Amino acid sequence: MMAATAAAQVRAGTRWAPALCRMPWLPLMLVAAAAATSEQQVPLVLWSSDRGLWAPAADTHEGHITSDMQLSTYLDPALELGPRNVLLFLQDKLSIEDFTAYGGVFGNKQDSAFSNLENALDLAPSSLVLPAVDWYAISTLTTYLQEKLGASPLHVDLATLQELKLNASIPALLLIRLPYTASSGLMAPKEVLMGNDEVIGQVLSTLKSEDIPYTAALTAVRPSRVARDVAMVTGGLGRQLLQRTVVPPTMNVPVSYNDSYDTRILFWAQNFSVAYGEHWEDLTSRTFGVQDLNLTGSFWNDTVARLVLTYDSLFGTMVTFKFILANSYYSVSARHWFTLENLEIHSNGSVAYFNASQVTGPSIYSFHCEHVSSENEDGNLLVPDTQPSLWQMTFRDFQIQAFNVTDKKFSYASDCAGFFSPGIWMGLLTSLFMLFIFTYGLHMILSLKTMDRFDDHKGPTITLTQIV
């Protein structure tokens, strides 16, 4: 009997194989179905009785889909620092459009199908709403919570919850299933959502009466509505209808030397790097914004200023940088000009000198340059006295002012950019070429002359005798 059954199965398999070969479109259908499944998104609403668990989501604008990796970055702070009791309200179907269609989005709170949920979000110290979460991330959410909490999910209803004795120090994962229209017969979607909202309200009231801290999440297994095609707007390419918070770039705080009266010297750079031999060190974080920066030896008066920066452990020894500036009056321009005469590096009793006389400007201004470096490819504004030098220095967005500092701010900057830059030369040459063409054409027009003599056909004709 078993042999006959096996033989029948083998014969059936031989019949199915040619049939599958006659359907080459079947793999394409499977791939399309898998792609459609991967594009399904559902909302995720998180709230907790503890505060400060979530920062505002940076990419929850229109079209962004939260992946499983991004979701873990949102959940980890709540699971590691928040309450140990986690509630997961899981519906069969839910879409972000349900909140728009049945929620009190226009101020009509009495007609909202999510009154208890809205009240919980308003009162929660921490909350986070993710409009679109990838279906795969939601499908593995229960397993992820179980691994992070170290507790098996417990399927409960309202009656079971009232009998449970939860402890704030013992982790617990409570799973509450909520129905939707697919399992509610002839009930309208709004009525089902209102019933689910009542269940959420009763569960939260039970926890509140027992004074149990918790973290809750509301999501669904699959979306209730067919999502429109967002393939062209994922990853931040879509129109962002809501204003996004723009994080300003971090700016280094300038180094300031103050005497007993006021701020005298200001020094700033976006990047400050120094090299000894082939080894480079970035001193930006050790220089700007440092409260205990060693400025011992700095000096200032009306004609000479010296800014001294000392680092205790740089390349295994103490290294000191000295910026020496001079302020002089020039009768030709009838104003004072400052010059960074030298930049000195003191280390192990030796001194390396760099000529920086190109760092100059009117003393009422500061000096700014995109690159101030001892390397040739960056302009070579710092020229070492000895070649080759073991020391190399590079400043990016360099700015310094040692005279006429007011209100602890840089004055107007005299930039190192030359007037005859490549772009300016291109514009000048093009303009001169077009001017030459215009001048040549005008000269040709002015040189045109009309004939003042014409052939008179009434006069005697000219006869040419042919000589053979």
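Every residue gets a Cβ built from N, Cα and C, even glycine.
Quick caveat, the model's predicted, so the values are computed rather than measured.
Quick look at what Swiss-Prot lists:
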- 36-417: topological domain 'Lumenal' (TOPO_DOM)
- Asn167: N-linked glycosylation site (CARBOHYD)
- Asn258: N-linked glycosylation site (CARBOHYD)
- Asn271: N-linked glycosylation site (CARBOHYD)
- Asn294: N-linked glycosylation site (CARBOHYD)
- Asn301: N-linked glycosylation site (CARBOHYD)
- Asn348: N-linked glycosylation site (CARBOHYD)
- Asn355: N-linked glycosylation site (CARBOHYD)
- Cys369-Cys416: disulfide bond (DISULFID)
- Asn404: N-linked glycosylation site (CARBOHYD)
- 418-438: transmembrane segment (TRANSMEM)
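Residues within less than 8 Å, Cβ to Cβ, of Asn355 (N-linked glycosylation site) and separated from it by at least 6 positions along the same chain comprise Glu341, Asn342, Leu382, Val383, Pro384, Asp385. Ranked by CA distance from Asn404 (N-linked glycosylation site), the glycosylation sites Asn167, Asn294, Asn301, Asn348 have Asn301 at the top as the closest. Here the C-alpha separation of Asn271 (N-linked glycosylation site) and Asn348 (N-linked glycosylation site) works out to 25 Å. Per-residue confidence over the topological domain 'Lumenal' (36-417) averages out at a pLDDT of 81. On the backbone, the CA of Asn167 (N-linked glycosylation site) and the CA of Asn294 (N-linked glycosylation site) stand 54 Å apart. Cβ neighbour count for Asn294 (N-linked glycosylation site) (all protein chains, 10 Å cutoff from its Cβ): 14. Note: the Cα of Cys369 (disulfide bond) and the Cα of Asn258 (N-linked glycosylation site) are spaced 24 Å from each other. The Cβ of Asn348 (N-linked glycosylation site) lies under 8 Å from the Cβ of Thr317, each of these being in the same chain and 6 or more residues away along the sequence. DSSP assigns Asn271 (N-linked glycosylation site) to a strand. Under DSSP, Asn258 (N-linked glycosylation site) is assigned to a strand (E or B) in the three-state scheme. Asn258 (N-linked glycosylation site) and Cys416 (disulfide bond) have their C-alpha atoms 26 Å apart, to the nearest angstrom.
The glycosylation sites under consideration are Asn167, Asn258. Their Cβ neighbour counts within 10 Å are lowest for Asn167. The distance from the Cα of Asn301 (N-linked glycosylation site) to the Cα of Asn294 (N-linked glycosylation site) comes to 20 Å. In this structure, the CA atom of Cys416 (disulfide bond) is 29 Å away from the CA atom of Asn294 (N-linked glycosylation site).
Under the three-state DSSP scheme, Asn404 (N-linked glycosylation site) falls in the coil class.
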